[in-house]
Structure formats: structure tokens, C-alpha cells
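As recorded in Swiss-Prot:
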type    : residues                                                                                          : note
BINDING : SER51, THR52, ARG53, THR54, GLN78, ARG102, HIS129, PRO130, VAL131, GLN132, CYS263, LEU264, ARG291 : carbamoyl phosphate binding site
BINDING : ASN159, ASP223, SER227, MET228                                                                    : L-ornithine binding site
Amino acid sequence: MRHFLTLKDFTKEEILEMIELARSIKAQTKRREFVPYMENKTLAMIFEKSSTRTRVSFEVGIYQLGGIGLFLSKNDIQLGRGEPMKDTARVVSRICDMVMIRTYEQSKLEEFAAFSQVPVINGLTNEYHPVQLMADYLTMIEYGKADSPVVAYVGDGNNMTHSWLMLASKLGFTLRIATPKGYEPDPNIVEDAMRFAKESGATIELMHDPKAAVQDADVVTTDTWISMGQEEEKEKRIKDFKGFQVDTILMSLAKKDAIFLHCLPAYRGYEVSEEVFEAHAEEIFDEAENRLHAQKGIMVWLDRKRGES
């Protein structure tokens with residue numbers, strides 16, 4: 001049985017299998033053909049962190065696959081009142097067929113998976129956001145930006161940065177990360193990525209100059225400067241991230257046909273300018289929709305692997 005906790009747990013071939021499955025299911029969906037790959041199966045969706053895209057895409061996704069989505073906030077279950085994660089895992093996994101968790105610490109997610117009898121999907125943690133990267137890569141394919149691309153990430157060294165590190169190092173493309181000093185990605189995750197990069201031929205570059213990162217890039221991406229739980233740091237972060245906004249001047253350094261991606265929600269005037277966001281709105285909202293399709297591919301792939309075990 002396999003879980004989907006972080007992309008470092010998968011080979012290049014497995015990641016591409018899930019992507020191809022997502023593309024196939026998306027094509028069926030666009031033809032209004034809803035194949036019940038997960039008929040009568042239940043996806044438990046546990047949310048310790050609130051979300052728009054994660055809840056909507058998983059709930060609609062499992063429904064379109066013929067299953068049922070069960071939304072559980074931390075206030076709906078005993079987890080929010082101190083029940084150990086391992087006990088919640090034992091109960092939920094005996095009743096449901098798959099579990100998606102959106103939480104804070106990666107260690108919580110991994111503890112749940114260790115005691116679960118069914119596949120567990122990472123809907124987001126402080127350390128990683130792998131389902132978003134699957135949607136991003138699906139979008140890159142659709143825009144013709146998946147053949148040895150140069151991807152530039154500008155901003156905070158957060159869970160999105162960590163997930164880009166995993167994707168690039170597994171698939172073998174070039175990733176440039178520009179962060180302010182003091183906001184670099186986790187060195188342990190960087191170390192993992194560098195090790196994977198040696199095997200895949202990926203090029204990983206960390207720097208503090210956004211202009212150097214974006215130069216001739218095929219894909220430019222960023223994320224919020226102030227993640228959930230960092231609200232008290234807002235003023236300091238705005239000051240520290242000066243010069244790291246993806247605006248028209250910075251974007252002009254990328255290739256003329258470069259695309260811009262953002263996992264949303266976007267805070268215009270901070271990490272991205274209004275002009276850049278609206279100029280690339282089609283890509284951004286295709287990316288948001290692709291959460292639905294990428295996650296369906298992941299769920300079906302995991303369900304099949306469970307059936308094989």
C-alpha cells in the first residue's frame with residue numbers, strides 16, 4: 001500500500017504515471033464521461049487548516065470518481081479535543097477507503113499514515129504541498145513547458161519551495177530559487193533534493209537575486225509572503241521581501257512566452273503585481289482547476305496500488 005505524503009517517496013516513472021492518469025481522466029471529464037473508478041468508496045477529508053481549493057477539488061473529485069467525500073474539521077472529530085493522531089487513524093481507516101489530511105506538521109501526517117490501513121494523501125503541511133505541484137506540472141505540460149524547462153521560484157522558502165525542490169530533482173529539470181536572506185528553504189530538504197538531482201540530472205540553484213533567477217525562465221512562480229500562522233510577522237516580512245515582487249519588470253526578464261503560476265490565494269501588490277496576475281490569469285486558473293484533475297489521478301493511482309497489495 002502506498003501513501004502520497006511527499007514527492008520524494010516516488011520515482012520519476014511513478015510521478016509521470018499519476019500525471020498521465022490525471023490527463024486521461026481530465027479528458028474524460030471534459031467529454032462529460034465520469035468513469036466510476038472509485039465507486040462506493042469513501043474519502044475522509046480531515047482539515048486542521050482551512051482551504052478553498054483543497055476542499056472543493058477533493059470533494060468534487062471523489063464524487064466524479066463515483067465515491068463519497070466526508071468533510072471533517074478538527075472541531076468535528078475528537079482529534080480537536082486531544083485524541084491521539086494514531087487513534088484517529090486507526091478508527092477512520094477502518095471505516096473509510098482513503099484519507100486526505102490538511103494539517104500543520106508533516107510529522108502529524110506521517111504518524112497518521114503509519115497507523116492507517118488505507119492510503120493517506122497530504123493535502124498540505126507546513127513542510128510540503130505535493131498535490132499542488134502535481135497540478136502545476138500538469139499545467140506546465142498543457143502549456144508546452146515540461147520539456148527540460150527552467151523554472152524560477154521567487155519568494156519565501158516554504159512548503160511550495162520544498163515541493164518544487166522535490167519535483168525538479170525527481171524529474172530532472174532546472175529550478176532556480178531566489179529568496180531573501182534568512183528565508184531560504186530547509187537545508188535538510190535541499191540536501192535531499194541535491195541527492196536526487198545527481199541521479200536525475202536536475203540543476204538546482206539557490207540564490208538571493210530574483211533577477212538572476214528569472215532570467216530566460218520558462219516558468220515563473222511565487223507564493224504568499226505570509227502563510228497561515230505568520231500573521232504577526234506581516235510587517236517584518238513585507239519589509240524583508242522588498243524587491244521580490246513578481247512585477248512586469250521582473251517578468252520581462254523571463255522568456256517572452258513564459259508562463260506565470262501561483263497556487264493561490266494571491267495577494268496582489270505583495271508577492272505579485274496586479275498587472276502580472278491579470279496578464280497570466282488564464283494560466284493561474286487553469287492551474288487551480290488542475291488541482292481537481294491531478295488529485296483524481298493521485299486517488300485512482302493509490303487505490304489501484306492498494307488493490308495490488
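Glycine is treated like the rest: Cβ placed from N, Cα and C.
Keep in mind that this is a model prediction, so the values were computed, not measured.
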Distance from VAL131 (carbamoyl phosphate binding site) back to ASN159 (L-ornithine binding site), taken between C-alpha atoms, in Å: 11
Rounded Cα-Cα span from SER227 (L-ornithine binding site) to ARG53 (carbamoyl phosphate binding site), Å: 16
ASP223 (L-ornithine binding site): nearby binding-site residues from SER51, HIS129, VAL131, CYS263, ARG291, Cα cut-off 10 Å: CYS263
Rounded inter-Cα distance in Å - HIS129 (carbamoyl phosphate binding site), SER227 (L-ornithine binding site): 13
For the binding-site residues SER51, ASN159, the one whose C-beta sees the most other C-beta atoms within 10 angstroms: ASN159
Cβ neighbours of ASP223 (L-ornithine binding site) where a neighbour is any other Cβ within 10 Å: 26
Inter-residue C-alpha distance, ARG291 (carbamoyl phosphate binding site) and SER227 (L-ornithine binding site) (nearest angstrom): 20
Listed binding-site residues (ARG53, SER227), ranked by Cβ neighbours within 10 Å, top entry: ARG53
DSSP state at HIS129 (carbamoyl phosphate binding site), helix/strand/coil: coil
Pairwise Cα distance for SER51 (carbamoyl phosphate binding site)/SER227 (L-ornithine binding site) [Å, integer]: 12
